[in-house]
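Notes for the one structure printed next.
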Amino acid sequence: MERAAVIVAIDGPSGTGKSSTSKAVAAQLGLSYLDTGAQYRAITWWMVNNGIDTDDPTAIAAVAGKPEIVSGTDPSAPGISVDGTDVAGPIRTQEVTSKVSAVSAVPEVRARITELQRSIAAAAENGIVVEGRDIGTTVLPDADLKIFLTASPEARAARRSGELKGADLHTTREALLKRDAADSSRKTSPLAKAGDAVEVDTSDLTLQQVIECVVTLVEEKQAGK
Ligand SMILES: Nc1ncnc2c1ncn2[C@@H]1O[C@H](COP(=O)(O)OP(=O)(O)OP(=O)(O)O)[C@@H](O)[C@H]1O
Ligand SMILES: Nc1ccn([C@H]2C[C@H](O)[C@@H](COP(=O)(O)O)O2)c(=O)n1
């Protein structure tokens, strides 16, 4: 039986499981996948690589339209490039992570990336899972399903320090909270739960349980379309 195309928005703070969940749900249901954090990381990487002062919003705004960012939407191999260079690895460095909140707070950057995100979602014939911070509130306010993932700072720090091969738990927790605070307090399109989003606290759930929960919610939406 052919399934209805659905647009799914998954938002939430860092380390709540957005990427892992979104990729698995998209793969399981044959949907496209878009990692919007990777796009903000890619434009931040370009700024750093081109010597733009990431503490200067005017300098960032002046060049926000220059880099060409191409995002893959295959959940099993998403990929991302800037001006033809594969940046999937470089966008995960500590330097980019520490600067991405400042760059993504600049309205000209958000306008550029939001437009790109909307065009990618519109082109996804079988539907798409789009994950980020402002997808349900700003980018795709008419999404068929909106999920807001949360988890305690302790759970999120433990997950991240596991990923970073045993990085200090306290330092990891503080860095996560600092980034969340910056992302939640910016003027333009902050990290926020949409009024009609389903909140899922993943603190005490395994990744598999979260995936099953979201797959069920998506299938219910598809059945009702
Ligand atoms: N429910 C869970 N239980 C245990 N570990 C999890 C769970 N969800 C995700 N993880 C692990 O936590 C880490 C962070 O997950 P993920 O990258 O999906 O989070 P995120 O919300 O996309 O973070 P960010 O916004 O910083 O990119 C990964 O190592 C992932 O495998
Ligand atoms: N829709 C989005 C997605 C991401 N960002 C910014 C804020 C995050 O700290 C950063 C990196 O995201 P991550 O790769 O950790 O998911 O990108 C945003 O402002 N809006």
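A Cβ is built for glycine as well, from the same backbone N, Cα and C atoms used for every other residue.
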Quiz item: Do you know which of 49-69, 70-90, 154-174, 175-195 TrEMBL annotates as region 'Disordered'?
Solution: 175-195
Quiz item: Apart from its near flanks, which chain residues at least 6 from the ends of the region 'Disordered' (175-195) lie with a Cβ under 8 angstroms of it?
Solution: 9, 11-15, 97-98, 100-102, 104-105, 107, 110, 114, 133-134, 136-138, 141, 146, 148, 153, 156-157, 160
Exercise. Identify, among the binding-site residues S14, T16, S20, the residue whose Cβ has the fewest other Cβ atoms within 10 Å in this structure.
Key: S20
Quiz item: Looking at Cβ-Cβ distances, which residues of the chain lie under 8 angstroms from K18 (ATP binding site) while being 6 or more apart from it?
Solution: I10, D11, G12, G37, E131, G132, L149
Exercise. Would you list the other residues of this chain near ATP - those whose C-beta lies within 8 angstroms of the C-beta centroid of G12, P13, S14, G15, T16, G17, K18, S19, S20 - in sequence order?
Key: T21, L149, A151, R156, T202
